[in-house]
Each structure stands twice: as C-alpha cells, then as structure tokens.
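Engineer: To start, I am sharing the structure in question, which I have written as structure tokens.
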Amino acid sequence: MKFQIKRLFLSAGVGVMAGMAAAVFLITLNAATLWRESHPWLIWLLPLAGALIGYAYSKYGQNTDKGTGLILEQIHDPSNIIPFRMAPMVLLGTVLTHLFGGSAGREGTAVQMGASLADQFNHFIKMSPEDRKVLLIAGAGAGFSAAIGAPLAGALFGLEVIQVGRLRLFAVAECLVASFVAFYICRLLGAPHSVFGPVGEISYSALGFVAVFGAGLTFGLAANVFMRFTHLVERLQKRFVKHPVLKPLVAGVLLVLLFHLEGSFRFVGLGIPVIQDYFTQAASFVDPVYKTLFTGLTVGSGFKGGEFIPLVFVGSGLGSALSVVLPLSISLLAALGFAAVFGAAANTPLACAVMACEIFGWSIAPYALLACVVAYFVSGHLGIYKNQKIVRSKRDQLLWMFCRKN
C-alpha cells in the first residue's frame, strides 16, 4: 500500500511535467505553423533544417535518435536512464521540421518528452526496475493524453503500446493519474488543441456494421502501406546515404521538389485544416497516397515529429473518400478512419477506439471498436514503434477469440 501511494504521487508529478512540456510544445508548434503559413518561402529551407537536425542528433543526441523505440527498450529491459536531452532535442527538432514544411506529426514528440522527463526521477529517488517501468509507461501515456486532449485514451495507450497481443493492467492507476493530471495542466496553460468533427447523429444497423467492417479492412491495409513505405525509406537511406547529416538533407531537397510538383501544398506540415475539411467534403482517394509519400520521406529520413497526425490525415481522408461507396456519412467514416488507421499502425486498437469516443462522443463506440479491431488484425505485425514486443501473434489472438471454449 505504501509503495502504491508513492507511485501515485510520482505519477502525479510525471503528469505535471508532461502537461507543462506538452503545453510549451503545442504553443511553440502552433506559432511555427502560423509563421510558415504566412511566409511560404520558408519551405525552400527545409533541406538546411534537415541537415541541422541530422547534425544535432549525430553530435549531441547519443541514443535519443531511437525516439519512442528507446522508451520501449527501457520499459522492457530497464538499464540506462533516458537522457534528459531527449525532451528539448525532440521538441526543437519537431518545431524545425514543421517551421520549414516537413510532413510529420506531433504526438510522438509529446510521448518522448513525457517518458524522458518521467525517467529523470531516477536521479533523485531510488527506484526499483519495476517502479521505473511504471513511471515510463505513465509518462508516455501522459504525453499522449496532453497532446491529443484525451486522458482515458492516453492512459490506455501507455499500457497497450508496450507489447502486442496482451494488455497488462499492472500500472493502470498510475497511468490514469498521470494522464488526467497532464491533460488538465496542458489545458490550464492554454495550449491549443485541434477540434475535429462533429460526427452528428449515428444510427446503427446490420448494413452499417457490414460497411464499418469493410472500411476497417481498408484502414488496416492503408496503415500497412504507410508503415512499409516509411520503413522502406529508412532502409534505402541506410544503404545509399549513410551520413546522418546528408539523410535529411537529401530527403529535404526531394520533398521541396515534390511539394512544388504536387502544387497545392495541402500536404505540408500537420495539415489540420485539411483533416477538418474531410468531415464535411468527400476527399479524393489520391490524398492518402500523397500524405503517405510525403510523410514517409520526412519521418523515414530523420526529421522529427512522429506519425500520429499524418496517420490521422490518411485515415480521415480515406474514410471521407469511402463515403462515396459506403452507406455511411462522410463525418462518421472520417472519424472512424481518424482512429482506426493510427490504431492499426501503432498496434493500439483499444486506446484508439476510446480516443474516438473522447473526441467524437461515446455514441460512436460500437462502430469505432469494430473499425479499430478489424484494422488492427489486417495491418499485420509491422508497427511504427520499434521494440514493441509481440507476445502473441495476431493470428493466435484471432484463434483465441473465436475458438476458445466457453
């Protein structure tokens, strides 16, 4: 009992730090995005920004370039304390990426900041490996919660992301405390959160569930393509462009050329206004392809920011486009894609189903759960986060679900 209370107090402290860091990050990132939008010429400097990020990480980053993979590595095998420098470096790297037009996300940055700050308690308080593991999980969930404004999903994300095939609830109380504290601290500090939707009234029918099942299949395939392309870019960069400064420099040149060839510049940066439009206007099936291309080149080449918002972009756009062929509203399909594609890519279907409920309302729950679970099983074992442990294959999970004895 004494140790449980200690963990809860520490988790609250983690939530405060993660919430403050996320608030500073979101406010700074919003300012950088507005500055870039009012100065379009900045995109021409994307290659130089990439070179600067590559140089900084190669000279000062130590092993922090592993990103979320380093956090998962330390959760599974606690050894070395995550360097404090991870938080400011990923913040600055993400802001630079977006200031000059890179196609990346932001929630991955908040997750890294939350977990790395949580690990700094080890410098002041003697902790067991189990305590350290719990705080890392709580910190990751708190960062996610503060960045997207969904505390329940943040808590569940911290628990679900560490391994595929088994959800362990050993740190559920600590994750809930850290996530809710981070959420309210971030809100108190006035950090901007994007608003999506509304979805409108949802009616349920057998045909509707069939349509959602079909959409889930498509969302899972889209997640798989996104991950495969991003990993392909990483492999090609390692093979042909080995210098850490040249990787983002070369990719930056290619991105600038492709952005200008595409011409609309709708896929630059976060693309929040485009995602919001997908809830009211049917998208083209080409949009998710473009976003996958630009994000894979950005994130796979060493720029910072993560994949959450790009995957939300892909999912919402694909869902919106599917409204032409499926008997469901544009807003509902966009909302389902919003949650399901990221859930499949991160192997966190339950957290993302809850996220959909927190963002779009709990009436979406049955459809959201079906879409996220179907997309999760279709997407395969490849994930956006390295060092996720596969405890039970998805095939075995399906067999367990349908063949277990009652």
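Note: Cβ is positioned from N, Cα and C throughout, glycine not excepted.
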Engineer: Between 81-100, 321-340, 341-360, I'd like to know which one TrEMBL lists as transmembrane segment.
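Structural biologist: Matching range for transmembrane segment: 81-100.
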Engineer: Mark yes when the transmembrane segment (202-223) and the transmembrane segment (134-157) have three or more Cβ pairs under 8 Å (sequence separation 6 or more) and no when they do not.
Structural biologist: no
Engineer: Are the transmembrane segment (12-35) and the transmembrane segment (362-385) close enough to be called in contact, which here means at least 3 C-beta pairs under 8 A that are separated by 6 or more residues?
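Structural biologist: Taking Cβ pairs at least 6 residues apart, the transmembrane segment (362-385) and the transmembrane segment (12-35) are not in contact, as fewer than 3 fall under 8 Å.
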Engineer: Checking distant contacts: for the transmembrane segment (81-100), what same-chain residues at least six beyond its ends satisfy Cβ-Cβ under 8 A?
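Structural biologist: Apart from its flanks, the transmembrane segment (81-100) reaches 21, 24-25, 28-29, 32-33, 35-36, 42-43, 45-46, 48-49, 52-53, 56-57, 60-64, 67, 70-71, 74, 106, 109, 112-113, 115-117, 119-120, 122-123, 136, 252, 269-270, 298, 303-306.
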Engineer: Which bits of the chain, at least 6 residues beyond where the transmembrane segment (202-223) starts or stops, bring a Cβ under 8 A of a Cβ in it?
Structural biologist: 288, 292, 311, 314-315, 318-319, 322, 326-328, 332-333, 336-337, 340-342, 344-345, 363-364, 366-367, 370-379
